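*Asks:* This is the structure I have questions about; it appears just below.
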2 protein chains.
Amino acid sequence: MTSQDLVDQIRAKRSFLCVGLDTDITKLPDSIAGRREAIFEFNKAIIDATADLCVAYKPNLAFYEAIGARGWEQLDKTVKYIREKYPRILTIADAKRGDISNTAALYARSIFQHLGFDAVTVAPYMGRDAVQPFLDYQGKWAIVLALTSNSSYDEFQLLPIAGTPPRPLYQEIVQRSRQWGHEGNMMYVVGATRAEMLKEIRKLAPDHFLLIPGVGQQGGSLAEVVKHGMNRQCGLLVNSARGIIYADRGPRFAQAAREKALELQREMEGYLREAGIVQG
Amino acid sequence: MTSQDLVDQIRAKRSFLCVGLDTDITKLPDSIAGRREAIFEFNKAIIDATADLCVAYKPNLAFYEAIGARGWEQLDKTVKYIREKYPRILTIADAKRGDISNTAALYARSIFQHLGFDAVTVAPYMGRDAVQPFLDYQGKWAIVLALTSNSSYDEFQLLPIAGTPPRPLYQEIVQRSRQWGHEGNMMYVVGATRAEMLKEIRKLAPDHFLLIPGVGQQGGSLAEVVKHGMNRQCGLLVNSARGIIYADRGPRFAQAAREKALELQREMEGYLREAGIVQG
């Protein structure tokens with residue numbers, strides 16, 4: 001999927017919402033829990049209820065690995081379902097992978113070829129050759145962790161790198177990694193809870209898409225994210241997981257998920273109008 | 001598994017060898033390739049041929065994920081096989097995981113409870129709360145990436161952190177992360193190709209075990225690793241994967257793997273004697 005495809009989707013749907021399919025087998029509605037493919041059935045219902053309101057789906061692989069081979073099968077079915085029924089929606093494997101190049105090449109094969117995702121989150125600590133194998137796939141994306149939304153993010157990400165003036169590690173990572181790829185095959189993860197730092201990342205990567213987790217349950221504000229992070233083509237994918245998929249645990253969970261997604265989409269439409277990215 | 005169990009194994013086997021079960025389905029001997037559980041059968045043969053010569057097995061999860069649910073099942077069988085037949089051998093999931101705490105808790109559950117590994121490699125970039133869930137398991141280990149063996153390791157790991165004097169990021173990571181756990185539940189990954197830097201890490205973590213990949217195919221020298229990294233109780237786990245498991249691609253692959261492992265074990269025994277860790 002190209003950057004232009006993504007921009008077209010954002011304009012058409014008036015949304016830059018990414019729905020996090022962090023499907024926890026212990027939190028499924030009674031109407032589904034216990035079925036053989038409960039996770040897939042839950043995802044399918046959530047997807048059908050939200051597909052016209054979002055431009056991306058992002059399963060975090062931990063939730064699937066947590067139940068072993070059976071989880072892997074249901075992840076596979078989930079991605080295939082999105083690709084077949086909603087082929088214009090970006091699929092992101094939130095895997096945070098990072099390993100030496102021959103191993104990274106296997107992760108890339110697994111995530112892009114075997115599972116068929118469009119994009120994957122990657123950890124930067126090992127440097128370029130741990131990310132390059134993901135960039136070697138035409139039409140696929142590597143999304144590099146820059147600033148994360150967890151509470152101990154500052155322990156290393158804000159360490160000052162010696163220089164005049166010193167600057168925090170996360171900025172050094174964005175600055176250097178920009179040269180690994182381009183705006184059409186790389187994005188950055190920037191936690192919504194760090195909105196004030198989005199400004200700095202926007203200076204370093206004015207045209208890259210930024211994937212923003214942490215809005216909602218983790219306390220990030222959409223307004224702040226937009227203020228500091230939106231560019232002329234939007235340039236944002238804002239993820240919400242728990243706030244949408246667990247909006248209701250009863251039999252109307254899918255409808256409740258739709259309502260939460262719709263709230264976010266409407267708020268996003270307002271920002272896209274204000275920025276002149278969509279009209280009317 | 002406790003630190004003392006590991007030291008006891010090292011003394012008993014006169015070895016600090018870790019065998020990397022990086023089993024690539026495209027590189028199996030003809031006698032096994034094509035069978036339904038080819039990867040597990042290969043692993044089983046390698047394990048039976050080397051179990052008296054090594055103290056740890058380390059499958060890299062990428063090799064299993066690369067073939068999806070079927071790979072996951074064979075990883076599961078491999079770990080169960082080791083635990084049942086060779087329960088005193090440490091099992092390490094080379095997964096390099098790192099995610100926000102609720103997600104890290106799922107990875108920990110998957111790797112420690114579901115798959116039953118004793119240890120897991122983790123990425124440090126997100127800070128303490130991405131590692132804490134692994135440390136919360138009694139008798140299990142988190143192995144934090146400090147210095148990796150890939151060629152672009154220096155891009156970020158050697159960045160100078162401002163201070164008097166400035167010191168490289170990897171040292172800052174070892175220094176700070178030491179406080180997350182203790183010598184009985186944390187280790188560090190230090191690439192064998194960075195042997196000269198092992199000295200610095202030993203100063204910061206004198207009593208921790210260090211897991212050393214990169215000996216053999218990646219060019220690291222065992223003598224250099226021992227010189228700079230061994231402590232009074234050994235404190236080293238040296239991994240070899242391709243050099244052992246693909247020593248021969250014909251029907252005698254297991255015997256050839258044993259011969260390579262034996263070469264390394266004998267060299268290790270010499271170093272353990274010189275250091276007075278074993279006698280005779």
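Glycine residues also receive a Cβ, built from the backbone N, Cα and C atoms like all the rest.
So TrEMBL says this about it:
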- A:16-257: domain 'Orotidine 5'-phosphate decarboxylase' (DOMAIN)
- A:LYS96: active site, proton donor (ACT_SITE)
*Asks:* Need the DSSP three-state call for the residue listed as 'active site, proton donor' to compare against my parser.
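*Replies:* Once the DSSP labels are grouped into three classes, the residue listed as 'active site, proton donor' ends up as strand.
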*Asks:* Restricting to the domain 'Orotidine 5'-phosphate decarboxylase' (A:16-257), what is the model's mean pLDDT?
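*Replies:* Its mean pLDDT is 95.
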*Asks:* Hey, what's the Cβ neighbour count for A:LYS96 (active site, proton donor) at 10 Å?
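*Replies:* A:LYS96 (active site, proton donor): 28 neighbouring Cβ atoms within 10 Å.
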